[in-house]
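> Please see the structure below; I have some questions.
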Amino acid sequence: MKDPVKIVLVGLPGSGKSTFGKKLALQLNFEFIDLDHLIEKETHQKIPHIFQSVGEGGFRELETIYLKQVLSREAGFVLSTGGGTPCFNDNMDLINKHAISVYLDVALSELHSRLKTDVTGKRPMFAGLDEAEMILKLKNLYAQRVLFYDQAKIKLSGEDISTELLISELMVFFRS
């Protein structure tokens with residue numbers, strides 16, 4: 001029996017992992033899983049509250065536990081990770097061992113544009129930052145995380161990454 005296709009999207013906050021992941025899962029007729037939403041559902045707590053109560057280290061441990069659970073599933077899926085997921089606890093190695101990792105590489109200027117219009121408060125790491133602080137935060141995150149993201153099996157760059165482009169890249173990946 002063929003192994004199920006497991007696709008894991010990685011990238012900075014605002015790169016479109018959740019939005020793009022939902023579209024891709026729909027096109028492939030796969031389950032879509034948002035790791036942050038799964039953690040919130042299972043713990044009955046919002047991510048900012050988890051950070052407050054157990055700190056980033058505690059959150060990252062929880063994140064790894066749920067990542068392992070998802071990766072062990074028998075059926076194929078598209079998983080959207082949190083921006084920091086690949087950067088802790090050898091998670092990128094784990095992702096690459098069990099799935100096809102896809103790095104959504106979006107220009108910092110586009111990320112800034114997307115994040116500054118996000119008024120839902122879903123991204124506490126950017127709350128209360130002015131334009132210059134947000135750009136600096138994005139640059140710092142990129143510098144810290146790009147080494148992990150670059151380990152992805154597939155890298156898609158640009159502002160208008162399409163599901164069609166990824167599906168064609170997946171076909172190339174499977175042929176190689």
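Using the three backbone atoms N, Cα and C, a Cβ is placed for every residue, glycine included.
Feature table excerpt (TrEMBL):
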BINDING   G14, S15, G16, K17, S18, T19, R123  ATP binding site
BINDING   S18  Mg(2+) binding site
BINDING   D36, R60, G83, R145  substrate binding site
> Near the Cβ of G14 (ATP binding site), how many other Cβ atoms are there if near means within 10 Å?
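Its Cβ has 23 other Cβ atoms within 10 Å.
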> By CA-CA distance, flag whichever of D36, R60, G83, R145 among the binding-site residues is nearest to G16 (ATP binding site).
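Checked the binding-site residues D36, R60, G83, R145; minimum Cα distance to G16 (ATP binding site) goes to G83.
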> If you count CB neighbours within 10 Å, which one among the binding-site residues K17, R60, R123 has the smallest count?
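Taking K17, R60, R123 as the binding-site residues, the minimal 10 Å Cβ count falls on R123.
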> Please identify, among the binding-site residues G14, T19, R123, the one with the smallest Cα-Cα distance to R60 (substrate binding site).
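Sorting the binding-site residues by distance from R60 (substrate binding site), the top entry is R123.
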> Write down the Cα-Cα distance for S18 (ATP binding site) and D36 (substrate binding site), rounded and given in Å.
10
> Counting other Cβ atoms within 10 Å, pick out the least crowded of the binding-site residues S15, S18, T19.
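Counting other Cβ atoms within 10 Å of each of the binding-site residues S15, S18, T19 gives the minimum at T19.
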> For R123 (ATP binding site) and G83 (substrate binding site), what Cα-Cα distance in Å is obtained after rounding to a whole number?
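G83 (substrate binding site) has its Cα 11 Å from the Cα of R123 (ATP binding site).
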> Can you list the residues of the same chain, besides G14, S15, G16, K17, S18, T19, R123, whose Cβ falls within 8 Å of the ATP site's Cβ centroid?
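These residues sit around the ATP site: G11, P13, F20, S80, L104, R114.
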> Return only the integer: C-alpha distance in Å from K17 (ATP binding site) to G83 (substrate binding site).
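Per the Cα atoms, K17 (ATP binding site) and G83 (substrate binding site) stand 9 Å apart.
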